[in-house]
Amino acid sequence: MENVSRFGHVVMLGPTNAGKSTLLNRLIGQKISIVSPKPQTTRNSISGIITQGDLQAVFLDTPGLHRQKRGIAPLLLRSAYAALGQADVVLLILDAAQYARRLDGLAPDLRPIVKAVGDGRLPVLIALNKADVVREKARLLPVLAAVSEALPAAELFPISALTGLGVDDLLTALMSRLPEGAHQFDPDEVSTAPVRFLAAEIVREKLFLALGEELPYSTAVTIEDWDERSKPGLTKIRAAIHVARESHKPMVIGKGGERLKDVGQKARADIEEMLGGQVFLELWVKVRPDWTDDRAFLRDLGLGQ
Ligand SMILES: Nc1nc2c(ncn2[C@@H]2O[C@H](COP(=O)(O)OP(=O)(O)OP(=O)(O)O)[C@@H](O)[C@H]2O)c(=O)[nH]1
Ligand SMILES: [Mg+2]
């Protein structure tokens, strides 16, 4: 055990869908950040706090680096790079399985990252995630070689955020890179995000999983009402699902309201687990035309200035 107190921010950066949020949840040991197989799931920087004796780290899960120019993608990109301003340690997460199949996808993904963190100012650790899917481990070698050529000072860790493989070693290495400093949170705190925000995120996750390819990107969720007082042990939550067009509304609601009901049931179960109590969750769908261009609303969502 070290005697010196260490504290710092670990910024998790990487291409979209690499498994950043899955890794954050694995590190914290509970679900804080939402996960889906679709790209651009994470929209805000989500914090998770880990305290191990004299060591305390705030992990910031960021929106994936995505080259798309449409919709809110550029905002998400800006927010990911903005998080770097707070970094004491950088954790890059790459989908090793994807590159093991096609190394040619690696260079364009790495270029902006090298530009942002390759100056050697901050310690950089790289998690080559999804190692569980790479059956022939030899396939990882060219990926390792390419990454260490691009970022020679970085330390590499093949891991699986899904199975936990290699994650303990990665965490030990990350915590040992923290600068000296006083802890800023109670040891039992797991996130700086308010539970209301996390609840809205849970609803958004269920929507991402329930909806097709395009629609998730034009939905947003806000908490309209949160009542813990009217009945002890019960939290009544009213959440609005914002869609960009009238025609999206029936798609979210589904035939006979089935889809919305399903989203609501799944979200309620997760929110109950998070709050450790009973939840009554009411969802309603609101049309907010072209909200992805509405700066004031984006600000309310914590996106953009
Ligand atoms: N097989 C496997 N799948 C993984 C692993 N880590 C994450 N995934 C899957 O990869 C998909 C994307 O995971 P996320 O954690 O949402 O990825 P992300 O990097 O946060 O993505 P964005 O928020 O969209 O940038 C999900 O379907 C995860 O279940 C892993 O180690 N192995
Ligand atoms: Mg994510």
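The count begins at 1 with the first shown residue.
Any Cβ shown, glycine's included, is placed from N, Cα and C.
Annotated by TrEMBL as region 'G4', the relevant range among 5-8, 129-132, 225-228, 253-256 is 129-132.
From the options 61-64, 229-232, the stretch TrEMBL describes as region 'G3' is 61-64. Checking TrEMBL for region 'G2' across the ranges 40-44, 245-249 points to 40-44.
Under DSSP, residues within the region 'G1' (14-21) fall into helix, strand and coil as 2 helix, 1 strand, 5 coil.
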